[in-house]
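This report refers to the structure that appears directly beneath it.
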Amino acid sequence: MLTGDTNDEDVSLFDAEEDSGRKTKQTGVRHPVASFFHLFFRVVAILVYLLCELISSSFIACMVTIILLLSCDFWTVKNITGRLMVGLRWWNQVDDDGRSHWVFESRKGSGKQQVSNSDSRIFWLGLIICPIIWVLFAFSTLFSFRIKWMPVVIMAVVLQGANLYGYVRCRVGGKTNLKNMATNYFGRQFLKQTLSKEEES
C-alpha cells in the first residue's frame, strides 16, 4: 500500500462533512470546536507547568497531569485538527522489514478551498509557538537546576516537535528536503542583499 514517503490521495475525515457542500466565508473560523481543542490541551499543559507549585504540592500529580495533557494534544492535533483546519495529515509506519516510512497527505482540489484563513492561522500559530515555549522552559529548567522537571519538558518538546515536523513536511511536500529548502532560501536572501549593495555603489 505504501510506495514511498508521500501519498497523494485526498484527505477525508468525515464523508458527510466533505459532501455537505455548505458554503461558508473563507475568513471566519469554520471549525470552532477543533480550534478550541487545538489550543486547549497545549495551553493548559503550559499553565499547569507554570502554576504546578500553586496547584498541588505533589510533583507526581503535576507531572502525570502535564504528560496526559501533552498526549491528548499530540493525538488531537495529529488525528483531528490538522485534517479539519488545514487539510493535512501525516503518520509514520513501520513496514514488515522494520523500515520506518513517513507518509504525508494533503487535501487536493475543491477541499483546499474549504480551508479558512482564520483556521489556518490559529493552527500554525499554535503549532509553532508552543514548542518554542517548551524549548525555553527546557533552558530555564536546566539553568535553574530544576532537573526533576527535565523529563517532562523533554517529553513536551518531543511530542510537539514531532507534530510540527510532520505538518511542516506536509505543507512543503513530503519529498522536499527541509535542509535544502533552508539552504536555498538563505542563498536567495544572500544573493538579493549582494545585488542590492552592488546597485547602491
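Using the three backbone atoms N, Cα and C, a Cβ is placed for every residue, glycine included.
Features reported for this protein in TrEMBL:
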type     : residues : note
TRANSMEM : 32-51    : transmembrane segment
TRANSMEM : 57-77    : transmembrane segment
TRANSMEM : 122-143  : transmembrane segment
TRANSMEM : 149-168  : transmembrane segment
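Counting residues 6+ beyond its ends, the transmembrane segment (122-143) has Cβ neighbours under 8 Å at 29, 35, 38-39, 42-43, 46, 49, 77, 81-82, 85-86, 149-150, 153-154, 156-157, 160-161, 163-164, 167 in the same chain.
For the transmembrane segment (149-168), same-chain residues at least 6 beyond its ends with a Cβ under 8 Å from one of its own Cβ atoms are 42, 45, 49, 63, 66-67, 70-71, 73-74, 77-78, 82, 86, 88, 90-91, 102, 104, 127-128, 130-131, 134-135, 137-138, 141-142, 178.
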